[in-house]
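The structure appears below as structure tokens.
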Amino acid sequence: MGNSSATEDGGLLAGRGPESLGTGAGLGGAGAAALVGGVLLIGLVLAGNSLVCVSVASERTLQTPTNYFIVSLAAADLLLAVLVLPLFVYSEVQGGVWLLSPRLCDTLMAMDVMLCTASIFNLCAISVDRFVAVTVPLRYNQQGQCQLLLIAATWLLSAAVASPVVCGLNDVPGRDPAVCCLENRDYVVYSSVCSFFLPCPLMLLLYWATFRGLRRWEAARHTKLHSRAPRRPSGPGPPVSDPTQGPFFPDCPPPLPSLRTSPSDSSRPESELSQRPCSPGCLLADAALPQPPEPSSRRRRGAKITGRERKAMRVLPVVVGAFLVCWTPFFVVHITRALCPACFVSPRLVSAVTWLGYVNSALNPIIYTIFNAEFRSVFRKTLRLRC
């Protein structure tokens, strides 16, 4: 049971050997189908994900923390379409026979591992970012620096997972040059655990906690807004003072809202802020107004999540669900072949789950178009400008 056969070892481009699809397919039958399907897939991935990147870069309304990660995810899919899919399609057209150099095969394996891992890690990074924004708002930075650092970390970790392949791990004695696959079973297990089986449960747990916290926050905000509504008297009698506005003084205009907590007021001229009439009763009313403590006001501002961010978050469960549907079969087959060399896995099944995984790279722009009205309108605007 050597490690040089693609039917004995799983790889992120598993089954690239003469036995994977029978004899060389060339441009007849399966080879022609692979060529047409591959060209269409590459075109869809390039067009859709380029549109995502251009739209976010050109439209300020889309430049949100969540969409920074979506651009990073689109970049991983674009690199996959440029660096991996052409060679994958070439191998499929040849019936699974690798006719190029072993060194190019190792580079292909490393890029495939890195980009697949980067996609998963970017989804995990989104879950971490949203979890912090909802549950620890005081520590959340909306300016983008933390998000960019998190994105950089995802790419560095992805490169670290893939680096052993280009550092000689695939150079084993008796290697078959007609087969392009990962030659080390231990590394197959290691990369599968690091790239999929470990981050996916963590990501799902964080998303569950995030949306649970968001529902609680919105319910509390709704209750607080209703409790602050001023009560108007329904009949004759002295006016009822609003506990949130302080004592009632008929000679005074209503107090300026959030004068101490609004950051925009700090830029107004003093003359503008002092133009309301004043009287001794007004001074007394202002002194009697209950002021919330400063840390509490900062906490309310920090916990606020914009409507645009909430819209961006609604599409995330669909993106994660599509990713899991497309990649889970591949990784299950992938690790099964590594842990059970005696188990027979149909080469056509291996090819099918590999294609399914790559199809995911074309799905995300379609998901954004269907489930996010803001992305949809910007896509239309961008296409009109380019056409």
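Just so you know, glycine gets a Cβ as well, placed from its N, Cα and C.
Worth saying up front: this structure is predicted, and the values here are computed from it rather than measured.
Annotated disulfide bond per Swiss-Prot: C105-C180 (among others), in sequence order, evidence recorded as sequence analysis. Taking the Cβ of C180 (disulfide bond) as centre and 10 Å as the limit, one finds 29 other Cβ atoms among all the protein chains shown.
The disulfide bond annotation in Swiss-Prot covers C340-C343 (among others) and rests on similarity to another entry. DSSP gives C343 (disulfide bond) a coil state; it is part of no helix or strand. Taking the Cβ of C343 (disulfide bond) as reference, residues of its chain lying under 8 Å away and at least six apart in sequence are, in sequence order, T336, R337.
Look at Swiss-Prot and you will find 224-247 (among others) tagged as region 'Disordered'.
Positions annotated as region 'Disordered' by Swiss-Prot: 287-306 (among others).
Taken from Swiss-Prot, the feature topological domain 'Extracellular' covers 1-34 (among others), and the record attributes it to similarity to another entry.
Sequence annotations record features per position, and here Swiss-Prot assigns topological domain 'Cytoplasmic' to 58-67 (among others).
Looking just at the topological domain 'Extracellular' (91-106), the mean pLDDT is 92. If you look up Swiss-Prot, you'll see 91-106 (among others) marked as topological domain 'Extracellular'.
Among the features that Swiss-Prot reports, topological domain 'Cytoplasmic' is placed at 129-146 (among others), with the record citing similarity to another entry.
The annotation topological domain 'Extracellular' is assigned in Swiss-Prot to 171-186 (among others).
Taken from Swiss-Prot, the feature topological domain 'Cytoplasmic' covers 209-314 (among others).
The topological domain 'Extracellular' annotation in Swiss-Prot covers 338-346 (among others).
Marked as topological domain 'Cytoplasmic' by Swiss-Prot on the basis of similarity to another entry: 370-387 (among others).
A Cβ distance under 8 Å defines the sequence-distant neighbours of the transmembrane segment (35-57), meaning residues of its chain 6+ beyond its ends; these are 27, 63, 67, 70-71, 74-75, 77-78, 80-82, 85-86, 88-89, 92-93, 355, 358-359, 361-362, 364-366, 368, 375, 378-379, 382-383. Summarising the annotation, Swiss-Prot assigns transmembrane segment to 35-57 (among others) and lists similarity to another entry as the type of evidence.
The transmembrane segment feature in Swiss-Prot is assigned to 68-90 (among others); the stated evidence is similarity to another entry. Here the transmembrane segment (68-90) has long-range neighbours at 13, 34-35, 37-39, 41-42, 45-46, 49-50, 52-53, 56-57, 100, 104, 108, 111-112, 115-116, 118-119, 122-123, 125-126, 129, 144, 147-148, 150-151, 154-155, 312, 319, 354, 358, 361-362, 364-365, 368, meaning same-chain residues at least 6 beyond its ends whose C-beta is under 8 angstroms from one of its own.
What Swiss-Prot records for 107-128 (among others) is transmembrane segment. Residues 11-13, 66, 69-70, 72-73, 76-77, 79-80, 83-84, 87-88, 150-151, 153-155, 157-159, 161-163, 165-166, 170, 180-182, 191, 194-196, 199-200, 202-203, 206-207, 210, 316, 319-320, 323, 327, 357, 360-361 of the same chain sit 6 or more residues outside the transmembrane segment (107-128) yet have a Cβ under 8 Å from a Cβ within it.
Swiss-Prot lists 147-170 (among others) with the feature transmembrane segment, giving similarity to another entry as the kind of evidence.
C340 (disulfide bond) sits 24 Å from C105 (disulfide bond), taking the CA atoms of both as reference points. With all protein chains in the displayed structure included, the most crowded Cβ environment within 10 Å among the disulfide-bonded residues C105, C340 is that of C105. Per DSSP, the secondary structure of the topological domain 'Cytoplasmic' (58-67) breaks down as 7 helix, 0 strand, 3 coil.
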